[in-house]
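Chemist: Sharing a structure here in C-alpha coordinates format.
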Amino acid sequence: MSPSLTALFCLGESPGVTGRCLLPKPSLRALPSSLVPLERPVTIWCQGPPGVDLYRLEKLGSKKYEDQNFLSISAMKTSHAGRYRCSYQNGSQWSLPSDHLELVATGVFDKPSLTAHPSHVVLPGGGVTLKCQSQYGFDQFALYKEGDAGFYKRLEKQYLADFPMAPVTTAHSGTYRCYSFSNVSPYLWSSPSNPMVLTVTGKGCRPHSPSSASEALRAIPRVSTGVFTSRPLHTGAPQEPDSCLARQDHTQGNLVRICLGAVVLILLLGVVAEDWHSQRRALGPRVKPVPQLLPITQEAEGCDSGRGNLGRREVQKRKS
(Lines of atoms letter the chains of each structure in order from A and count residues from 1; the text may use other names and numbers.)
(Lines give C-alpha, C1' and ligand atoms only; values in the text may rest on other atoms or scores of the structure.)
Protein backbone atom coordinates (compact mmCIF):
# COMPACT_ATOMS: atom_id res chain seq x y z
CA MET A 1 0.00 0.00 0.00
CA SER A 2 1.37 3.42 -0.95
CA PRO A 3 2.21 5.90 1.86
CA SER A 4 -0.33 8.43 0.55
CA LEU A 5 -3.14 5.85 0.59
CA THR A 6 -2.11 4.72 4.07
CA ALA A 7 -2.24 8.31 5.24
CA LEU A 8 -5.82 8.63 4.01
CA PHE A 9 -6.87 5.59 6.06
CA CYS A 10 -4.97 6.50 9.23
CA LEU A 11 -7.37 9.06 10.64
CA GLY A 12 -7.11 8.22 14.32
CA GLU A 13 -5.03 6.54 16.96
CA SER A 14 -5.41 3.19 18.60
CA PRO A 15 -7.01 3.50 22.05
CA GLY A 16 -4.28 3.54 24.65
CA VAL A 17 -1.48 3.54 22.07
CA THR A 18 -0.13 6.93 21.03
CA GLY A 19 1.50 7.52 17.71
CA ARG A 20 -0.07 4.44 16.02
CA CYS A 21 -2.86 4.96 13.52
CA LEU A 22 -5.56 2.45 12.74
CA LEU A 23 -6.22 1.02 9.31
CA PRO A 24 -9.83 0.48 8.22
CA LYS A 25 -11.40 -2.80 9.25
CA PRO A 26 -11.64 -5.70 6.81
CA SER A 27 -14.79 -7.66 5.98
CA LEU A 28 -15.42 -11.19 7.17
CA ARG A 29 -17.92 -13.66 5.66
CA ALA A 30 -18.68 -17.36 5.48
CA LEU A 31 -19.31 -19.19 2.21
CA PRO A 32 -21.75 -20.54 1.27
CA SER A 33 -23.50 -19.44 4.49
CA SER A 34 -22.87 -18.75 8.16
CA LEU A 35 -25.54 -21.37 8.99
CA VAL A 36 -23.79 -24.67 8.35
CA PRO A 37 -25.38 -28.12 8.68
CA LEU A 38 -23.26 -30.66 10.53
CA GLU A 39 -20.69 -32.47 8.35
CA ARG A 40 -21.02 -29.87 5.57
CA PRO A 41 -18.07 -27.74 4.35
CA VAL A 42 -17.68 -24.00 4.89
CA THR A 43 -14.97 -21.43 4.26
CA ILE A 44 -14.41 -18.23 6.25
CA TRP A 45 -12.86 -15.37 4.23
CA CYS A 46 -11.23 -12.18 5.50
CA GLN A 47 -11.02 -9.43 2.89
CA GLY A 48 -8.83 -6.35 3.26
CA PRO A 49 -7.31 -3.86 0.81
CA PRO A 50 -4.69 -4.98 -1.75
CA GLY A 51 -1.09 -5.31 -0.62
CA VAL A 52 -1.74 -6.51 2.95
CA ASP A 53 1.38 -7.85 4.69
CA LEU A 54 -0.32 -10.16 7.19
CA TYR A 55 -3.82 -11.38 8.03
CA ARG A 56 -4.92 -12.71 11.39
CA LEU A 57 -8.11 -14.76 11.69
CA GLU A 58 -9.20 -15.85 15.16
CA LYS A 59 -12.03 -17.58 16.94
CA LEU A 60 -13.06 -15.59 19.99
CA GLY A 61 -12.76 -17.38 23.33
CA SER A 62 -10.50 -20.14 22.02
CA LYS A 63 -7.13 -18.31 21.96
CA LYS A 64 -6.54 -19.89 18.57
CA TYR A 65 -5.82 -17.92 15.41
CA GLU A 66 -4.53 -18.34 11.86
CA ASP A 67 -2.11 -15.93 10.17
CA GLN A 68 -3.98 -16.11 6.88
CA ASN A 69 -7.08 -14.63 5.36
CA PHE A 70 -9.18 -17.80 5.21
CA LEU A 71 -10.18 -20.82 7.24
CA SER A 72 -11.42 -23.88 5.38
CA ILE A 73 -13.59 -26.35 7.29
CA SER A 74 -14.17 -29.60 5.38
CA ALA A 75 -16.81 -31.00 7.75
CA MET A 76 -18.68 -28.79 10.20
CA LYS A 77 -18.51 -29.86 13.86
CA THR A 78 -20.05 -28.37 16.96
CA SER A 79 -16.54 -27.31 18.02
CA HIS A 80 -16.31 -25.02 14.98
CA ALA A 81 -19.37 -23.03 15.97
CA GLY A 82 -18.78 -19.66 17.58
CA ARG A 83 -17.74 -16.06 16.91
CA TYR A 84 -14.87 -15.15 14.57
CA ARG A 85 -13.11 -11.94 13.68
CA CYS A 86 -10.08 -10.92 11.65
CA SER A 87 -7.67 -8.03 11.14
CA TYR A 88 -4.63 -7.29 8.99
CA GLN A 89 -1.22 -5.65 9.36
CA ASN A 90 0.76 -3.35 7.11
CA GLY A 91 4.25 -2.73 8.41
CA SER A 92 3.84 -1.99 12.10
CA GLN A 93 0.23 -0.86 11.75
CA TRP A 94 -2.79 -3.04 12.54
CA SER A 95 -6.26 -2.49 11.21
CA LEU A 96 -9.43 -2.24 13.20
CA PRO A 97 -10.94 -5.70 13.81
CA SER A 98 -13.71 -6.81 11.49
CA ASP A 99 -17.30 -7.17 12.57
CA HIS A 100 -17.94 -10.43 14.36
CA LEU A 101 -19.03 -13.39 12.27
CA GLU A 102 -21.31 -15.85 14.06
CA LEU A 103 -20.78 -19.32 12.64
CA VAL A 104 -23.74 -21.53 13.56
CA ALA A 105 -23.93 -25.33 13.40
CA THR A 106 -27.42 -26.50 12.43
CA GLY A 107 -28.94 -29.95 12.66
CA VAL A 108 -27.78 -30.46 16.23
CA PHE A 109 -31.40 -30.94 17.39
CA ASP A 110 -34.63 -32.07 15.76
CA LYS A 111 -36.48 -29.49 13.69
CA PRO A 112 -39.34 -27.41 15.14
CA SER A 113 -42.69 -26.82 13.46
CA LEU A 114 -43.75 -23.53 11.83
CA THR A 115 -47.40 -22.59 11.31
CA ALA A 116 -49.34 -19.46 10.37
CA HIS A 117 -52.39 -18.30 12.35
CA PRO A 118 -55.16 -17.77 11.47
CA SER A 119 -54.10 -18.77 7.93
CA HIS A 120 -51.11 -18.75 5.60
CA VAL A 121 -53.20 -16.75 3.08
CA VAL A 122 -53.72 -13.16 4.26
CA LEU A 123 -55.35 -10.05 2.82
CA PRO A 124 -53.22 -6.91 2.55
CA GLY A 125 -53.62 -4.81 5.67
CA GLY A 126 -54.53 -7.80 7.81
CA GLY A 127 -52.50 -9.60 10.43
CA VAL A 128 -50.86 -12.99 10.81
CA THR A 129 -48.73 -14.68 13.45
CA LEU A 130 -46.05 -17.23 12.64
CA LYS A 131 -45.67 -19.76 15.45
CA CYS A 132 -42.44 -21.70 15.87
CA GLN A 133 -42.81 -24.63 18.27
CA SER A 134 -40.14 -27.05 19.49
CA GLN A 135 -40.43 -30.33 21.32
CA TYR A 136 -37.54 -29.28 23.54
CA GLY A 137 -37.52 -26.63 26.25
CA PHE A 138 -35.59 -24.06 24.19
CA ASP A 139 -35.91 -20.36 24.96
CA GLN A 140 -34.43 -18.99 21.71
CA PHE A 141 -35.99 -19.00 18.25
CA ALA A 142 -34.92 -17.61 14.89
CA LEU A 143 -37.08 -16.91 11.86
CA TYR A 144 -35.67 -16.83 8.33
CA LYS A 145 -37.30 -15.63 5.10
CA GLU A 146 -35.80 -16.86 1.85
CA GLY A 147 -34.13 -14.03 -0.01
CA ASP A 148 -33.41 -11.93 3.06
CA ALA A 149 -29.88 -11.25 4.17
CA GLY A 150 -30.29 -12.27 7.79
CA PHE A 151 -32.37 -13.86 10.49
CA TYR A 152 -34.74 -12.53 13.11
CA LYS A 153 -34.25 -13.76 16.66
CA ARG A 154 -36.66 -13.81 19.53
CA LEU A 155 -36.38 -14.61 23.21
CA GLU A 156 -39.59 -16.34 24.20
CA LYS A 157 -41.14 -18.85 26.53
CA GLN A 158 -40.05 -22.44 26.38
CA TYR A 159 -41.24 -24.58 23.47
CA LEU A 160 -43.00 -21.79 21.55
CA ALA A 161 -42.33 -18.39 19.96
CA ASP A 162 -44.75 -16.05 18.19
CA PHE A 163 -43.68 -13.79 15.32
CA PRO A 164 -46.63 -11.41 14.77
CA MET A 165 -46.86 -9.38 11.55
CA ALA A 166 -49.36 -6.55 11.21
CA PRO A 167 -50.32 -4.92 8.99
CA VAL A 168 -49.02 -7.20 6.24
CA THR A 169 -48.18 -6.19 2.68
CA THR A 170 -47.11 -8.11 -0.40
CA ALA A 171 -43.53 -7.71 0.85
CA HIS A 172 -44.32 -10.30 3.53
CA SER A 173 -45.13 -12.97 0.95
CA GLY A 174 -42.49 -15.68 0.72
CA THR A 175 -41.11 -18.89 2.17
CA TYR A 176 -40.26 -18.97 5.87
CA ARG A 177 -38.37 -21.41 8.11
CA CYS A 178 -37.53 -21.27 11.80
CA TYR A 179 -34.91 -22.68 14.15
CA SER A 180 -34.82 -23.33 17.89
CA PHE A 181 -31.87 -23.33 20.28
CA SER A 182 -30.84 -22.57 23.83
CA ASN A 183 -29.28 -19.43 25.23
CA VAL A 184 -26.72 -21.67 26.93
CA SER A 185 -25.38 -22.78 23.50
CA PRO A 186 -26.39 -19.93 21.17
CA TYR A 187 -24.45 -21.30 18.18
CA LEU A 188 -25.83 -24.84 18.22
CA TRP A 189 -29.18 -24.77 16.43
CA SER A 190 -31.81 -27.27 15.46
CA SER A 191 -32.51 -28.37 11.92
CA PRO A 192 -34.70 -25.91 10.01
CA SER A 193 -38.44 -26.40 10.14
CA ASN A 194 -40.35 -27.46 7.06
CA PRO A 195 -40.88 -24.51 4.72
CA MET A 196 -44.06 -22.48 5.24
CA VAL A 197 -45.28 -20.33 2.34
CA LEU A 198 -47.02 -17.11 3.34
CA THR A 199 -49.22 -15.54 0.66
CA VAL A 200 -50.53 -11.98 0.82
CA THR A 201 -53.10 -11.63 -1.94
CA GLY A 202 -56.50 -10.22 -2.75
CA LYS A 203 -58.04 -6.81 -2.32
CA GLY A 204 -57.69 -5.53 1.19
CA CYS A 205 -56.70 -2.46 3.15
CA ARG A 206 -53.29 -1.62 1.81
CA PRO A 207 -51.02 0.45 4.05
CA HIS A 208 -47.88 2.08 2.70
CA SER A 209 -45.84 -0.73 1.11
CA PRO A 210 -42.17 -0.88 2.15
CA SER A 211 -39.49 -1.18 -0.48
CA SER A 212 -38.45 -4.69 0.52
CA ALA A 213 -39.29 -7.56 2.80
CA SER A 214 -36.22 -6.74 4.86
CA GLU A 215 -37.64 -3.31 5.61
CA ALA A 216 -41.00 -4.86 6.35
CA LEU A 217 -39.47 -7.10 9.00
CA ARG A 218 -36.89 -4.71 10.35
CA ALA A 219 -38.42 -4.57 13.84
CA ILE A 220 -36.72 -7.86 14.77
CA PRO A 221 -32.93 -7.56 15.15
CA ARG A 222 -30.65 -9.58 12.93
CA VAL A 223 -28.74 -12.62 14.00
CA SER A 224 -25.47 -10.70 13.76
CA THR A 225 -26.47 -8.31 16.53
CA GLY A 226 -26.77 -10.96 19.21
CA VAL A 227 -29.67 -9.00 20.71
CA PHE A 228 -32.98 -10.67 21.49
CA THR A 229 -36.26 -8.84 21.86
CA SER A 230 -39.93 -9.71 21.88
CA ARG A 231 -41.16 -6.82 19.77
CA PRO A 232 -43.63 -7.64 16.98
CA LEU A 233 -42.71 -7.52 13.32
CA HIS A 234 -44.21 -4.52 11.53
CA THR A 235 -43.71 -2.52 8.40
CA GLY A 236 -42.98 0.81 10.03
CA ALA A 237 -45.83 2.30 7.97
CA PRO A 238 -48.43 4.65 9.44
CA GLN A 239 -51.07 2.75 11.31
CA GLU A 240 -53.88 4.08 9.09
CA PRO A 241 -55.84 0.85 8.48
CA ASP A 242 -57.95 1.14 11.64
CA SER A 243 -61.07 1.49 9.51
CA CYS A 244 -59.90 -1.44 7.40
CA LEU A 245 -59.48 -3.62 10.43
CA ALA A 246 -62.90 -2.51 11.62
CA ARG A 247 -64.41 -3.58 8.30
CA GLN A 248 -62.68 -6.94 8.58
CA ASP A 249 -64.05 -7.38 12.10
CA HIS A 250 -67.52 -6.40 10.84
CA THR A 251 -67.30 -8.98 8.05
CA GLN A 252 -66.23 -11.70 10.46
CA GLY A 253 -69.13 -10.79 12.77
CA ASN A 254 -71.60 -11.10 9.89
CA LEU A 255 -70.23 -14.53 9.01
CA VAL A 256 -70.63 -15.67 12.60
CA ARG A 257 -74.23 -14.42 12.72
CA ILE A 258 -75.07 -16.14 9.42
CA CYS A 259 -73.66 -19.44 10.67
CA LEU A 260 -75.62 -19.19 13.92
CA GLY A 261 -78.82 -18.40 12.02
CA ALA A 262 -78.31 -21.43 9.78
CA VAL A 263 -77.82 -23.69 12.81
CA VAL A 264 -81.03 -22.37 14.45
CA LEU A 265 -82.98 -22.89 11.20
CA ILE A 266 -81.78 -26.48 10.91
CA LEU A 267 -82.81 -27.17 14.50
CA LEU A 268 -86.28 -25.70 13.91
CA LEU A 269 -86.74 -27.82 10.77
CA GLY A 270 -85.77 -30.89 12.75
CA VAL A 271 -88.35 -30.10 15.45
CA VAL A 272 -91.11 -29.57 12.84
CA ALA A 273 -90.27 -32.81 11.04
CA GLU A 274 -90.27 -34.77 14.29
CA ASP A 275 -93.69 -33.33 15.26
CA TRP A 276 -95.16 -34.22 11.85
CA HIS A 277 -93.94 -37.82 12.08
CA SER A 278 -95.33 -38.18 15.59
CA GLN A 279 -98.79 -36.99 14.44
CA ARG A 280 -98.82 -39.53 11.60
CA ARG A 281 -98.01 -42.33 13.99
CA ALA A 282 -100.85 -41.19 16.30
CA LEU A 283 -103.50 -41.10 13.51
CA GLY A 284 -102.54 -44.43 11.93
CA PRO A 285 -104.53 -46.95 14.20
CA ARG A 286 -107.81 -44.88 14.03
CA VAL A 287 -108.35 -45.56 10.31
CA LYS A 288 -110.68 -48.64 9.87
CA PRO A 289 -111.04 -50.55 6.60
CA VAL A 290 -114.48 -50.17 4.77
CA PRO A 291 -116.13 -53.57 3.97
CA GLN A 292 -117.02 -54.18 0.33
CA LEU A 293 -119.91 -56.33 -1.13
CA LEU A 294 -118.86 -59.17 -3.36
CA PRO A 295 -120.27 -58.94 -6.92
CA ILE A 296 -122.65 -61.66 -8.24
CA THR A 297 -120.91 -63.83 -10.80
CA GLN A 298 -122.41 -65.22 -14.06
CA GLU A 299 -122.26 -68.80 -12.74
CA ALA A 300 -124.57 -67.92 -9.85
CA GLU A 301 -127.02 -66.26 -12.25
CA GLY A 302 -127.02 -69.40 -14.48
CA CYS A 303 -127.81 -71.65 -11.57
CA ASP A 304 -130.79 -69.49 -10.52
CA SER A 305 -132.24 -69.46 -14.06
CA GLY A 306 -131.89 -73.28 -14.32
CA ARG A 307 -133.84 -73.80 -11.10
CA GLY A 308 -136.69 -71.63 -12.48
CA ASN A 309 -137.08 -73.65 -15.71
CA LEU A 310 -137.27 -76.97 -13.80
CA GLY A 311 -140.02 -75.59 -11.59
CA ARG A 312 -142.17 -74.56 -14.59
CA ARG A 313 -141.80 -77.97 -16.26
CA GLU A 314 -143.03 -79.79 -13.15
CA VAL A 315 -146.09 -77.54 -12.94
CA GLN A 316 -146.99 -78.21 -16.56
CA LYS A 317 -146.70 -82.02 -16.08
CA ARG A 318 -149.11 -81.97 -13.12
CA LYS A 319 -151.73 -80.01 -15.10
CA SER A 320 -151.63 -82.45 -17.98
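Cβ atoms here come from the backbone N, Cα and C positions, even for glycine.
As listed in TrEMBL for this protein:
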- 31-106: domain 'Immunoglobulin' (DOMAIN)
- 117-201: domain 'Immunoglobulin' (DOMAIN)
- 298-320: region 'Disordered' (REGION)
Chemist: Could you count the residues of the domain 'Immunoglobulin' (117-201) that DSSP puts in helix, in strand and in coil?
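Modeler: Per DSSP, the residues of the domain 'Immunoglobulin' (117-201) fall into 3 helix, 46 strand, 36 coil.
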Chemist: Give the mean pLDDT for the domain 'Immunoglobulin' (31-106) on the 0 to 100 scale.
Modeler: 95
Chemist: Helix, strand, coil residue numbers for the domain 'Immunoglobulin' (31-106) per DSSP?
Modeler: 3 helix, 41 strand, 32 coil
